[in-house]
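Trainee: After the structure tokens below, expect a handful of questions from me.
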Amino acid sequence: MHLLGPWLLLLVLEYLAFSDSSKWVFEHPETLYAWEGACVWIPCTYRALDGDLESFILFHNPEYNKNTSKFDGTRLYESTKDGKVPSEQKRVQFLGDKNKNCTLSIHPVHLNDSGQLGLRMESKTEKWMERIHLNVSERPFPPHIQLPPEIQESQEVTLTCLLNFSCYGYPIQLQWLLEGVPMRQAAVTSTSLTIKSVFTRSELKFSPQWSHHGKIVTCQLQDADGKFLSNDTVQLNVKHTPKLEIKVTPSDAIVREGDSVTMTCEVSSSNPEYTTVSWLKDGTSLKKQNTFTLNLREVTKDQSGKYCCQVSNDVGPGRSEEVFLQVQYAPEPSTVQILHSPAVEGSQVEFLCMSLANPLPTNYTWYHNGKEMQGRTEEKVHIPKILPWHAGTYSCVAENILGTGQRGPGAELDVQYPPKKVTTVIQNPMPIREGDTVTLSCNYNSSNPSVTRYEWKPHGAWEEPSLGVLKIQNVGWDNTTIACAACNSWCSWASPVALNVQYAPRDVRVRKIKPLSEIHSGNSVSLQCDFSSSHPKEVQFFWEKNGRLLGKESQLNFDSISPEDAGSYSCWVNNSIGQTASKAWTLEVLYAPRRLRVSMSPGDQVMEGKSATLTCESDANPPVSHYTWFDWNNQSLPYHSQKLRLEPVKVQHSGAYWCQGTNSVGKGRSPLSTLTVYYSPETIGRRVAVGLGSCLAILILAICGLKLQRRWKRTQSQQGLQENSSGQSFFVRNKKVRRAPLSEGPHSLGCYNPMMEDGISYTTLRFPEMNIPRTGDAESSEMQRPPPDCDDTVTYSALHKRQVGDYENVIPDFPEDEGIHYSELIQFGVGERPQAQENVDYVILKH
């Protein structure tokens, strides 16, 4: 128990001195390196959980004093409440703060600063001592070079130079050297001043070659002025394939056939050591050649080529530079190479003479189809413009200092050209007529390549029964020329050949030469028979009108055209092939109205009350456009159409009429035409009744006075009449023979009317017996009259004078009398006459 007491006390004191470590956390590098005169930068962080830092002391090699319960040692830095720093503490700077940063800087640092630095930290309730190791050397310590595990030639590697020192107040630089010479590659330098590490590092990337093997690489530490401070060196171990060199006897490697050649392979470097040896010619390994010496005895031209030796190690095979062995020999049989073959006519061609020879040929002899080409001694022959005769076989002979070669088989030059001398040949017998079948062939003289097709122009729906033959069915008149082309890769056209097709005249037509305007009656007219073409050109003309031959000249002339010359004209043109008719051409003659006449419908005699139509008929071209009507007095009537319609027609309308027609050419008039209008039966009856009534009244008075005196005469007269008559009643209308028509000239008496002539009208008055009824019409009276043997009849006649007033458009000079004269015809019946009544019936006739 007595032994444990002091130790327990020591532990308690230690605990009190260091407080609770779980409440303080520090981060900083464990060891820092520097050298005399340099500086030290101590990056440091801390965390005090119970409050801010109140006191900080930096000790050098601190030791805890148990007696005083404090740390003893050299105080390099101590913070004071008034902020004053002792003079000896100026090289040490506390760069931290009161809660987390405890960074320090010592500048300059001395050798005796090596050891342990103690950071005494105190807060209000806690205390802590943190220790940091400082290693200060007398001289600058060297950097350390780091190499990759293996270095191979031509593979990029990174060399690293590391120095465990860095301080803001003391700049340094790291320099790379190869065999004491600064390296050209740029290095990348970096520094670290963190709580984890403090260093300066330089990295260099380069691709080592086999020649770098065994070379010394140096990393040199320099101050800011480039002054050497220290360095580190390493020897490069570059793995590489064997590096070889060939030696040849003879040294120029030029021999003639039959000579001997020796080649020796020497290894200048290999890392690691080589294992196998081989020889190659033109990239191909030579069999059974596994030594460093290659002996070639009695070489031939085939042994010419590129030789090299190959030695292998664990890295790979290494090859020497190639040695070109030239075995000289005379030219071999030559061959000809033709550039641009087959050649097109007109293009350029180049010939190349190829002959294996060593040395190269210096002179050439050229042959065309076995004949030497004079002046051609070069390796190449150039023809700027090739022609068909250049085609053929070309060969050559080469010559060098060792001899002359032999002529090879040669090369064939194919000169291609379009078909030559192409012609179109007509196979038909001449001449060719329109509608014939024509056969043509396309011929040519030569062609290379052969003709494969033919073309024809103009194009048409024609038949090609065989290649180069054209058959034209039903040849047209206008097939003037035909041309053909023979084609291979190109087409050559022949000159057009004229078919000279003979045909009948074409496009025959009638053309009016004069007059240039409309044709009027009386004009001089010329018609021309035209046609567009005819082959042969000798032609004849024929004129036709309505199928009647007129003439045989090319022109048809009318000195004075008349309407009768109008009609449909056509002309014919013929040659030895045939004839062609023109289309019918209508000759139209314009003339004034002529041959006018007035036609009447239904006739020239019309009963009053009916209708009469007078038509003015004419012959005119152009047709009549205007009509004018005139009466017998040349008075113009207010009618201007072709037809004059009278409805109802009156007796006053009787007379002579004429018409006049007008067109754009002129006028024409018709002769007089007479219209006769006669009375209707009703009018005649009325007028006869009136006339007879008047006559009867006068006659009765006369009869009464002369009754007895003339009784016997009437009896005798009546008996005479009975002997010659059937005793029937009758009415006589004397028709007067029509007068000769008046002259064509107009007259003042109007139109002749036969009804207006002097005439005698008869009527019979019948006196019936007593108590027998009487009718007023003639027909009933006739049917009811007694037999002739018992009928007493008196026949009266009325003579009418012609009156001037009966003519239209004529006014009488003085009043006229009735112009009626009466007479009596007495018919005595057979037997005794019955007692008659005393009354008398009258018939009066009036116009």
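Note: Cβ is positioned from N, Cα and C throughout, glycine not excepted.
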Trainee: Which one, Cys44, Cys161, is listed by Swiss-Prot as the other cysteine in the disulfide with Cys102?
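Mentor: Of the candidates Cys44, Cys161, the one Swiss-Prot pairs with Cys102 is Cys44.
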Trainee: Which one, Cys161, Cys167, is listed by Swiss-Prot as the other cysteine in the disulfide with Cys39?
Mentor: Cys167
Trainee: Which one, Cys616, Cys695, is listed by Swiss-Prot as the other cysteine in the disulfide with Cys659?
Mentor: Cys616
Trainee: According to Swiss-Prot, one residue among Asn101, Asn724 carries the annotation N-linked glycosylation site; which one is it?
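Mentor: So the answer, going by Swiss-Prot, is Asn101.
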Trainee: Within 10 Å of its Cβ, which one of these glycosylation sites (Asn101, Asn445, Asn574) has the largest number of other Cβ atoms?
Mentor: Asn574
Trainee: If you draw a 10 Å sphere around the Cβ of Asn231 (N-linked glycosylation site), how many other Cβ atoms fall inside it, taking every protein chain shown into account?
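Mentor: Taking all protein chains shown, Asn231 (N-linked glycosylation site) has 18 Cβ neighbours within 10 Å.
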Trainee: Count the other Cβ atoms sitting within 10 Å of the Cβ of Asn67 (N-linked glycosylation site), across every protein chain shown.
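Mentor: Neighbour count, Cβ to Cβ under the 10 Å cut-off: 7.
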Trainee: Report, as a single number, how many Cβ atoms besides its own are within 10 Å of the Cβ of Asn479 (N-linked glycosylation site).
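Mentor: Around the Cβ of Asn479 (N-linked glycosylation site), 18 other Cβ atoms lie within 10 Å.
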Trainee: Express the distance between the Cα positions of Asn574 (N-linked glycosylation site) and Asn363 (N-linked glycosylation site) as a whole number of Å.
Mentor: 83
Trainee: Hey, of the glycosylation sites listed (Asn164, Asn363), which one tops the CB count within 10 A?
Mentor: Asn164
Trainee: Taking the Cβ of each of the glycosylation sites and counting other Cβ atoms inside 10 Å, which one has the highest number: Asn112, Asn135, Asn634?
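Mentor: Counting Cβ neighbours within 10 Å, the top one is Asn135.
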Trainee: Could you count the residues of the domain 'Ig-like C2-type 1' (143-235) that DSSP puts in helix, in strand and in coil?
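Mentor: Counting residues by DSSP class gives 3 helix, 52 strand, 38 coil.
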